[in-house]
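Colleague: Pulled from Swiss-Prot, these are the listed features:
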type	residues	note
DOMAIN	39-71	domain '4Fe-4S ferredoxin-type 1'
BINDING	CYS51, CYS54, CYS57, CYS100	[4Fe-4S] cluster 1 binding site
BINDING	CYS61, CYS90, CYS93, CYS96	[4Fe-4S] cluster 2 binding site
DOMAIN	81-110	domain '4Fe-4S ferredoxin-type 2'
Amino acid sequence: MIGWLEALLRVGRKLAAKTVTVQYPEVKPQLPPRSRGRIVLTRDPDGQERCVACNLCAVACPVGCIDLSKAVAEDGRWYPEHFRINFARCIFCGYCEEACPTAAIQLTPDFELSEWRRDALVYDKKDLLIAGEGKVRGYRYWSVAGKAITGKDKGDAEHEAPPVDLKGLRP
């Protein structure tokens, strides 16, 4: 008898408690600031695409959903000739964003990616490329790439071995 009464009281307390279900289409959920959603390709402050087709994002992807091929522009700069992401396979882990040296590939909080057909979840470069800079503002990869930092020659840092003289190592 007491067990039955305890169960009835427990049900009564749960009925009086506030519900936690969010009515999704009408009420948008509050997402954490670092939530990982849709992947985008960004541009630098000059309006050029940041991606240099280094293929690091495709190598870092644990499920292999990124496919790209490199092309060379007239000025010698690499750019992706085609860039595809299969969102049907993507697990939104963020490894591609971490691997990108130019901050070109970024994950946004947008999570509404449902489609009726799976082939519609394969996004091309034109679908991924956005007009803005994304989360990383003012970063110009080409202004810093390949340039030596002044005062940072080999052997100048604290607790660093002096440079090796290769010609002095002859037998």
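If you go along the chain as it appears here, the first residue is 1 and each next one adds 1.
Heads up, the Cβ atoms here are built off N, Cα and C, so glycines get one too.
Describe the structural surroundings of these features, if you would.
Modeller: The average pLDDT computed over the domain '4Fe-4S ferredoxin-type 1' (39-71) stands at 92.
CYS51 ([4Fe-4S] cluster 1 binding site) is surrounded by 25 other CB atoms, counting those within 10 A of its CB over all protein chains shown.
Applying an 8 A CB threshold to same-chain residues 6+ apart, the list for CYS96 ([4Fe-4S] cluster 2 binding site) reads ILE39, CYS57, ALA58, ALA60, CYS61, ILE66, ILE105. When secondary structure is read from DSSP and collapsed to three states, CYS96 ([4Fe-4S] cluster 2 binding site) falls in the helix class.
Residues 31, 33, 35-42, 49-54, 56-71, 118, 121-125, 128, 134-136, 139, 141 of the same chain sit 6 or more residues outside the domain '4Fe-4S ferredoxin-type 2' (81-110) yet have a Cβ under 8 Å from a Cβ within it.
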Colleague: With DSSP helix as H/G/I and strand as E/B, how many residues of the domain '4Fe-4S ferredoxin-type 1' (39-71) fall in helix, strand and coil?
Modeller: 5 helix, 11 strand, 17 coil
Colleague: Centre the Cβ atoms of CYS51, CYS54, CYS57, CYS100, go out 8 Å, and tell me which other residues of that chain have a Cβ in range of the [4Fe-4S] cluster 1 site.
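Modeller: Apart from the listed residues, the neighbours are VAL52, ALA53, ASN55, LEU56, LEU68, CYS96, ALA99, PRO101, THR102, ALA104, ILE105.
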Colleague: Out of the binding-site residues CYS51, CYS54, CYS100, give me the one sitting nearest to CYS93 ([4Fe-4S] cluster 2 binding site) by CA distance.
Modeller: CYS100
